[in-house]
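Listed in TrEMBL:
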- A:21-39: transmembrane segment (TRANSMEM)
- A:45-69: transmembrane segment (TRANSMEM)
- A:76-94: transmembrane segment (TRANSMEM)
- A:100-118: transmembrane segment (TRANSMEM)
- A:130-148: transmembrane segment (TRANSMEM)
- A:168-189: transmembrane segment (TRANSMEM)
- A:220-237: transmembrane segment (TRANSMEM)
- A:299-318: transmembrane segment (TRANSMEM)
């Protein structure tokens with residue numbers, strides 16, 4: 001390896017360094033290119049509208065968990081938060097009950113509360129986030145079943161169903177939510193003092209503390225934001241399928257974490273970007289859409305999906321290590 | 001000194017470049033059997049690259065390495081190890097959960113054909129013998145995590161011996177161990193020498209070099225400067241060889257005058273760590289804290305800074321008692337702390353120089369929580385220039401800087417929070433002479449500006465050279481508060497070892 | 001974590017059991033242990049509720065536990081029932097093969113065991129449920145008749161390999177064979193899930209567009225997902241959607257005309273018959289080995305009778 005890279009000249013190294021940053025983007029473009037060559041139905045405006053709409057829920061969760069992973073933590077309760085917030089919102093969203101803002105705010109509040117609960121336990125108890133959020137994952141699922149009495153909550157108002165199903169000037173509302181959330185999350189991470197502190201804590205918690213950063217406050221904020229974004233995802237999902245499902249969102253946390261990691265967020269903390277996470281989420285969405293378009297059998301879909309994800313991350317890993325030499 | 005005519009390792013014309021920058025340029029070395037050969041040079045002189053090539057971690061661009069007359073070429077780490085070259089790294093590579101014996105034989109279990117599972121009794125016996133050889137009194141069954149840093153180092157040496165090493169490379173072996181342990185280490189090195197083992201010894205500590213080395217080779221900026229017998233080379237010439245210019249006095253003249261009391265520590269206690277510590281620090285004054293390893297120096301600093309708690313006592317700042325619960329409170333009260341653990345508590349490796357340097361004062365550059373990039377960059381640039389931090393730019397990651405420059409980044413971060421009192425804990429550990437000198441100059445500049453300084457150091461010359469007054473600790477107790485006039489190496493050691 | 005949770009439930013049920021037997025030592029109440037596939041599934045919850053109703057009516061005590069879709073857990077639950085010496089066991093099996101040992105164990109302990117809703121490969125004392133193959137036939141037959149035996153169909157599977165998925169597919173394919181002009185142009189799993197199936201339908205619309213004439217979804221959740229996607233694409237009028245289970249949401253949709261038909265699986269009958277059969281077995285009466293509850297097609301014409 002060493003030999004190989006020393007033989008390559010200076011210029012190649014520069015290029016490799018550039019690739020490292022965009023490795024996953026290149027993998028993403030390559031997959032899109034291949035798909036558009038195989039099926040003409042892939043590269044159309046209507047298909048991409050659908051892909052991005054489908055991706056929006058996972059992307060919102062992935063944005064939230066990106067904050068958390070950068071601080072060196074993890075949140076396994078995402079899927080359960082989706083269910084709880086969806087149920088809370090749907091219970092208040094029957095026609096002629098309340099104006100649509102009420103279920104939306106109630107759902108968001110539920111998510112913020114659950115996130116803050118995670119944050120409180122994690123910072124006060126020093127129990128690893130993995131364990132704490134594993135616990136809240138189960139608690140959340142139970143809460144969703146209790147609130148809904150184990151049954152789907154249907155018959156929701158049209159204004160509520162607009163959130164997941166409506167369009168503004170031909171752009172589906174979930175896409176608008178996605179874009180706004182992406183911009184806000186990127187700005188928070190890159191331009192605000194909170195974002196800088198998030199990177200600092202994940203990079204070296206002790207050093208961050210010694211720099212006068214109130215580590216617990218920042219962590220608290222991060223888990224709360226993550227809960228809020230999960231609530232947004234929960235409300236979108238509920239509105240999209242026009243029913244609150246107590247078992248909704250099961251396993252969503254894995255897709256969200258996968259999107260963040262594919263996008264270059266390191267599980268050891270300290271690095272990651274929202275753009276990377278967005279591409280990670282899109283990559284997963286594109287593969288799933290492409291396989292459906294090609295009518296690949298269910299059994300093979302799972303194999304292909306897993307293989308492509310590993311391939312994309314391995315490719316990215318190679319580029320990163322090439323860039324570091 | 002004995003003369004050895006037979007050389008075991010010869011290196012000629014060794015060169016290596018990274019991204020077009022020469023890390024090593026035509027370097028040579030001639031190592032004799034049973035010799036302790038010091039390799040000296042400032043950080044970035046190419047010592048690490050050189051050693052990495054020797055042990056097969058890097059491949060040279062040009063040059064040859066003759067080991068016992070045979071050329072070493074295209075070898076990987078394991079080949080080199082088998083041939084008999086072992087390295088004891090600065091950061092000790094151990095598995096804390098395994099026993100001493102298991103660590104010594106780590107990676108070689110499978111060569112014992114008779115057991116696919118490990119024969120613990122067998123390796124324990126072998127380890128016992130090895131440990132006796134080097135005079136380390138620990139059971140081979142002890143888990144590695146219960147050992148002190150010095151003991152871990154001894155285990156690494158035992159491992160090297162068990163590999164039948166003919167050449168042992170030691171990279172800054174004394175950077176984290178106490179004086180007494182250094183003495184033990186040196187006894188082992190002398191013993192190895194007597195058995196015909198050669199040692200390449202890398203260190204920044206002059207005193208040690210003159211105690212232990214037979215021969216000194218100096219590198220500077222990747223180039224070979226020269227090889228001299230230690231007996232023939234005085235300190236001044238050695239420094240000149242290393243830095244390429246003459247440094248007359250290591251400790252610059254001080255020009256500050258003592259002002260009012262800024263910080264008073266009164267009867268500070270923490271059970272099991274330190275006991276009844278009291279001292280004042282005046283504006284423009286340097287108070288040194290001396291003591292052996294484990295005397296409680298760092299613990300006191302961490303308590304004052306709010307990183308750890310203390311059970312009783314007061315911290316008084318300019319006449320007001322203050323209540324510090326976290327570093328955040330300390331910084332707000334104008335206290336700055338540069339930790340001895342630069343990697344662990346000092347900087348954040350994944351962040352850039354700029355982002356590290358502004359981290360403790362970032363709220364000065366925000367509006368509605370948004371970072372004002374212009375004002376942040378401006379102060380960062382200013383500080384990088386003031387401290388002469390050598391980086392390719394302020395966006396370079398701190399990991400890629402040399403130890404001295406990393407230290408300057410941490411100091412810069414502390415200074416940007418406008419402290420009135422700065423605590424420097426081992427400020428020059430593991431950094432080269434040139435950078436050391438700059439840090440000493442900086443301490444003087446800060447005192448001139450009226451900042452009160454506390455300097456903790458294991459190097460007595462440093463404490464003596466920099467401090468106006470010296471607090472001496474022994475096992476958590478304050479045994480003396482010496483004035484500059486009273487303090488000598490001997491008095492400090494006397495109080496440091498008092499019970 | 002779930003294990004602990006389960007353990008607590010087992011303890012609680014054990015404690016509860018002891019209490020009642022102490023209190024009413026005079027006339028002993030019949031006790032039935034019930035283990036259900038998943039209490040997160042609406043239909044299963046309905047069956048469970050119906051059993052509870054019937055039991056109250058007959059003065060029987062039920063100990064109901066949730067196997068959370070784990071056959072292993074289900075076996076452990078049955079073992080605990082045996083240890084508690086219940087009078088009969090009603091099992092809603094998680095899996096055909098993997099839940100079979102539970103049947104064997106109960107029979108060996110001479111406790112009657114009744115499978116409700118789905119089968120195991122080992123034959124229990126009695127089976128109460130409906131033949132899932134039949135539901136597939138009914139649904140696909142409806143599509144064939146509506147399309148006049150000619151057109152393109154897509155099919156949404158449940159979790160691949162589960163008994164209901166296999167049988168509903170089998171029934172649908174039997175009908176497809178009878179109509180050579182009815183083409184299955186795509187089939188894919190929607191994992192019984194509404195959101196998943198909505199995405200799947202959206203992707204199919206991209207792929208096949210107006211070539212799709214009908215959708216057969218193996219349960220209502222997926223059918224509703226398909227309806228959502230088709231409505232959003234403005235294609236609902238032109239595509240027939242049929243699914244199975246007749247959950248309240250689906251019945252409302254049939255009433256509104258967005259879902260063309262669903263197949264009613266009678267939770268009330270399944271639950272009640274299971275308890276009745278258990279009681280008969282306990283009293284030593286002769287029972288039918290297979291109590292089959294017929295499916296019923298629900299369309300706009302007869303939907304009113306199914307809405308409670």
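Cβ atoms here come from the backbone N, Cα and C positions, even for glycine.
For the transmembrane segment (A:45-69), the partner stretch with the highest count of Cβ pairs under 8 angstroms, out of A:21-39, A:76-94, A:100-118, A:130-148, A:299-318, is A:76-94.
Taking Cβ pairs closer than 8 Å, the transmembrane segment (A:220-237) reaches residues 56-58, 60-61, 63-65, 67-68, 71, 73, 75, 77-78, 81-86, 89, 103-104, 107-116, 118-120, 122-123, 163-164, 174, 177, 181, 185, 188, 194, 198, 248-249, 252 in its own chain, all 6 or more past its ends. Beyond its flanks by at least six residues, the transmembrane segment (A:100-118) meets 75, 77, 81, 84-86, 88-93, 129, 132-133, 136, 140, 157, 159-160, 162-163, 220, 223-232, 234-235, 238 of its own chain at Cβ-Cβ distances under 8 Å. Using a Cβ-Cβ cut-off under 8 Å and counting only residues 6 or more beyond its ends in the same chain, the transmembrane segment (A:21-39) has close neighbours at 262-264, 276, 279-280, 282-283, 286-287, 290, 293-294, 308, 311-313, 315-316, 318-320, 323.
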